[in-house]
Every structure is written in structure tokens, then in C-alpha cells.
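Chemist: According to Swiss-Prot, the protein carries these features:
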| type | residues | note |
| --- | --- | --- |
| SIGNAL | 1-28 | signal peptide |
| CARBOHYD | ASN42 | N-linked glycosylation site |
| CARBOHYD | ASN83 | N-linked glycosylation site |
| BINDING | HIS87, HIS481 | Cu cation 1 binding site |
| CARBOHYD | ASN115 | N-linked glycosylation site |
| DOMAIN | 163-316 | domain 'Plastocyanin-like 2' |
| CARBOHYD | ASN276 | N-linked glycosylation site |
| CARBOHYD | ASN304 | N-linked glycosylation site |
| CARBOHYD | ASN382 | N-linked glycosylation site |
| CARBOHYD | ASN402 | N-linked glycosylation site |
Amino acid sequence: MGTAKIPALLWFLLAGLVLALAVNPAHGAKTRHYDFFITETNYTRLCHEKSILTVNGQFPGPTIYARKGDFIIVNVHNNGNKNITIHWHGVDQPRNPWSDGPEFITQCPIRPGGNFTYQVILFEEEGTLWWHAHSDFDRATVHGAIVIHPKRGTTFLFRKLDKEIPWWNDDVEHVLDKAKRIGGDVEPSDTNTINGQPGDMFPLCSRDDTFKVAVQQGNTYLLRVINAGLTNDMFFAIAGHRLTVVGIDARYTKPITVDYIMIAPGQTMDVLLKANRTLGSNSRYYMAARTFITLPVDTIRFNNSTATAIVEYTDSAVARPVGPPEFPVLLPAIKDEDAAMAFVKQLRSLGNQDHPVHVPKQVDEHMLIDIDINFLPCDANNATNKLCEGPQGNRFAASLNNVSFQNPAIDVLDAYYYGSGRGVYEENFPNKLTVIVNPTGDINGGGPLLTKRGTKVKVLEYGTVVEVVFQDLSIENHPMHLHGFTFYVVGRGSGTFDERRDPATYNLIDPPFQNTVSVPKSSWAAIRFRADNPGVWFMHCHFDRHVVWGMDTMFIVKDGKTPQAQMLPRPPNMPEC
């Protein structure tokens, strides 16, 4: 790859983000300032105009540019009509849970008319991350990218931004309210999108706005791919081209060249595209994003759309367009589980001198967390006094180790900080279920049919090495995201985890370093991390309907003995509940 070619190619996507480009990371200060204004904005997609929450009137929202180790100050002004919080997804926020963002976990929400200043501390992150709302389903439209360049004095060549995001043709707030009230499943979105557009396979009114990427033959581009979807894993491919993955979740990987990627909600990937079509080739190629799902498609509604954008060669070395763009024939089918697993098993940490691998070899705390879809009895939240819309008149729920998380009325971090956690949360989240459950492929995977609500947390001493094995008992994949930490994905397997046999298969040499791991249906995934970030840290499935149903818990990491191992003081401007 010729290094001289890269800089001339940076601007075809970045030029539209004028405010971000005005602060060039190569010359900017180490402290960067942004103002986010939450507002209601009218947008048209799929021939319908609707009012959505946006940041600075943009959908997707503004991109934050920084360098590794920078300090970012974001003042969020809530000019919308509802409470809101913002989470900086994948930023570890060392010693600073106060600015992590999940509502009622680390802060009370920002009320309409209020504002809150977030302090975002970048440490080891380098590559692509993103920010999003962390309240109800607001992240459907309130989200944007975080582009983290290397430290000053160092370089890397991969700099082109592309994002993959969802679009809802039904009112998001109505969808969520209905699901909460009557306990049924959440209505699926009408389409997937790439950079806010569904593509030209949808109604005529959408075609003129199809996202297009202009490329020149022989050059190499970096796609910063973000799955901001609420409920779907995605396959992504570009017709006539292979893709080289060089990073995931802002951590470098050993380069792998593939025909497609599979990316879970919440994940980010840095992917190289070589524009290698030659004279006589078509000059237009679809990049396509398609839902990957393991649910029974004949009985459960889901978004089965394929979003498209167009890669278009603009130089004379390639023929001008004749007919429609080519479609990626190697894009996997919706239920291709083998294709999904084949991709994720290839991921490895880079592991060089500048980016070493430090996998903990000795584990202090072993946890086996069963992930399941359950039910709760229909209750007074159903204002119609009719049966709920879940199976057998119940409401849908979800659980970790048969605990369906219930949000408290005040935020947990404040309660912990002031020593007033009694009555707010319980410090007894179980390390494992007492009954061994085998995945069955039924609707609730053979786990407990009915679950119980609770606000249970796991308390860890500072420096504890933790291994968590996620055991998926359900018929659906689950992207599990941990705030405050990046972890090593040391193992995967199908069926029931065997604590005597399966650890021997772990990769302790160069496992991928991630903040979100996709746990396949009826399978398991093992992660390891060192609890060296004091504070309260949320862990949850990144399917938003599962968060609402209770597939969440928290780690409370105690302060260490030195000042550098203790939480930062509480900021004076924290929102009040």
C-alpha cells in the first residue's frame, strides 16, 4: 500500500463535517471542547417526515476527533422534550465513572432545559469508537462517531470514515412505551441504513439520497464501520472487493482479509478497502448491510432489509457506469450462523512492541453468567387490565443468572459514593446459577421460565482478575458490552461450557481486545479483564429491547490504596434525580 496516496483521499467523507475538521487533530490542543445541543428535528426517510431527537440538528450526530490520550469536554444542552444522557461507548474513562453516562447507573438524566458537562478521558483507545444516548431508545437517532488518531509524533495510515446506522419509520418513543406497557416484543424497524440512508432498493423518494463513496483506482481507503443498530447483528460486504480488518473497538488487530464482516450492535471496526478494479470493469459497486439473525424467521417479526450504498470509481481507468451497480454475491444469508462464527474466530490482537498483549494468566474471580429470555407475570403496568402480549399472557423479560435487572429511582454511583446503597442495590449478584441448565433452542433456552426482578451488583476489590463466561441459553445471539473496561475474548465454543475441558482451548497469546463480545445462541464466550478502574460500571446486552427487559448488571470496583487507584471526586454539576 503506497503511503503517499492516503492523504489525498481523506476528504470525500470528512468534508461534510466542517465543524469537526476545523479542529485538526494534528495541530489541536490536548483538551478539546464540543457543544451538543439536543433538539427535535424533522427528517424524511422512506417517504415519511417525522420529528426525531438529534444532536446539533444532525443525523447521525457530529463526529468527535481526538488523539490518543486527549481530554475531551462535551457540554450537553438538553433542548429536547425528554430526559437524556450520553455514553462514550468503548472509552474506558479511567477513574471517571461520573461521565460514563447510563441513566440511573452513573448519573441522573439531564432534564429538558438542563445541561451537563461530560469529561471524556482517552487513555489507550486508538481507532474508531462512538457516542450515543443511554436513555430509553434514544440512541436510535442520538449517536455519532469518535475518531481517535495516534499520539502526536506517531502515525498510522488508516483515515476514512464510514458509518452504518438504523432508521425507524415508526415513532421510537411510541414503540418503547408500548413494549413497556403491554409486555410484548418491540416492533422491528422498517429498514437498515448506511450513513442514514436506506439505499436505492427502497421507494423512489429515498433513491436520490443514497450514500455514495467516490474512489480512484489503485488507492486504499479506511472504512470506520459502526453498528449503531438497536437490535440486529449485521453482515457487511462490498461487491467486487475484499476487505481487510485492521481494528475492532479501537484496538488494533492482526490484519485479516475477508469477503464480508459480521458486526454486532455496539461494535466498531476499522476496515481497509483497496480500490482495485481495472479498465473494462464496472465502475459502480454496492456496499450492502444485511441483518444477521438466529431467531425463527417464520414466527418472529424482524427487519430483513438490505441497506445499500454505492462505491463509484471517478477516474478514467475504469469504465463509466452501464446499468445498475454490482451486488455483493458473497454477502451471507440472513441466518448463516457458520459465516458469522467463521468471521469472529479469525480476530486476533496485533501484539507488537507498540501494542503489546497482556492477558491475565491467573484468575481471582470466576463467573459463569447465564444469558436468557424469560417472562414476568403481567402486572399493574398494563393499564388496560388485559393480558400482556408475551407468551401465555405474560410480559417478556430477560435476565443474567436469572436476575432481571430493575433500574433504581436514584443513580447507583451516587448511592455507592455516599455510602447509602442500602435499599438502592444489593451486593449479591450470583457468580453462577446453582442449577446447571443446558441450552435447548426453545424460546427461553431451557432456562427458568419465570424470572425475578432485582438490582443486584457484583463488588470487586481493586486489581481483581476476573473471568466471565457468558453462557447463552436462548435462541438469539447477545452482544454483551462492559463499561469501563476493554477485555480479552479468550475463548468461544458451542453448547454448554465445561469448566474442566474448555479452558484448555483458550487463546492466551493474542486474543482480540474488545469492549463488546457477540455471544452466539446456545453457545458460550469467555472474557478476562483486570478490575483496575474504580467506580460503578454497567454490563448489558446491546440489543436495546433486552436492556429494557433486564439483561443487565453492574460491577462496583472498590478504590485501591494509592490516590492513582481511586475514583475522581464527584463533579459539582451532576444532574439531580
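We number each residue from 1, going along the chain as drawn.
Positions of Cβ are set from backbone N, Cα and C atoms, glycine also.
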Chemist: At the level of the C-alpha atoms, what whole-angstrom distance separates ASN42 (N-linked glycosylation site) and ASN83 (N-linked glycosylation site)?
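Modeler: Spelling it out, the Cα of ASN42 (N-linked glycosylation site) and the Cα of ASN83 (N-linked glycosylation site) are 19 Å apart.
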Chemist: If you measure ASN402 (N-linked glycosylation site) to HIS481 (Cu cation 1 binding site) at Cα, how many Å is it?
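Modeler: That separation, Cα to Cα, works out to 18 Å.
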Chemist: Identify, in sequence order, the residues in the chain of ASN115 (N-linked glycosylation site) that are 6 or more apart from it along the sequence and have a CB within less than 8 Å of its CB; answer 'none' if there are none.
Modeler: ASN75, VAL76, HIS77, ASN78
Chemist: Enumerate same-chain residues with a sequence separation of six or more from HIS87 (Cu cation 1 binding site) and a Cβ-Cβ distance below 8 A; give 'none' if the list is empty.
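Modeler: Sequence-distant Cβ neighbours: ASP100, GLY101, PRO102, TRP131, HIS132, ALA133, HIS134, HIS483.
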Chemist: Within 10 Å of the Cβ of ASN402 (N-linked glycosylation site), how many other Cβ atoms are there?
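Modeler: The answer is 20 other Cβ atoms.
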Chemist: Rounded to a whole number, how many Å is the Cα of ASN83 (N-linked glycosylation site) away from the Cα of ASN276 (N-linked glycosylation site)?
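Modeler: Distance (Cα to Cα, whole Å): 48 Å.
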Chemist: Go through ASN42, ASN83, ASN276, our glycosylation sites, and report the one whose Cβ sees the most other Cβ atoms within 10 Å.
Modeler: ASN83
Chemist: What does DSSP say about ASN83 (N-linked glycosylation site): helix, strand or coil?
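Modeler: Going by the DSSP assignment, ASN83 (N-linked glycosylation site) belongs to neither helix nor strand, so it counts as coil.
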Chemist: Non-local Cβ contacts of HIS481 (Cu cation 1 binding site) (under 8 Å, 6 or more apart, same chain)?
Modeler: HIS89, GLY266, ASN515, THR516, MET539, HIS540, CYS541, HIS542
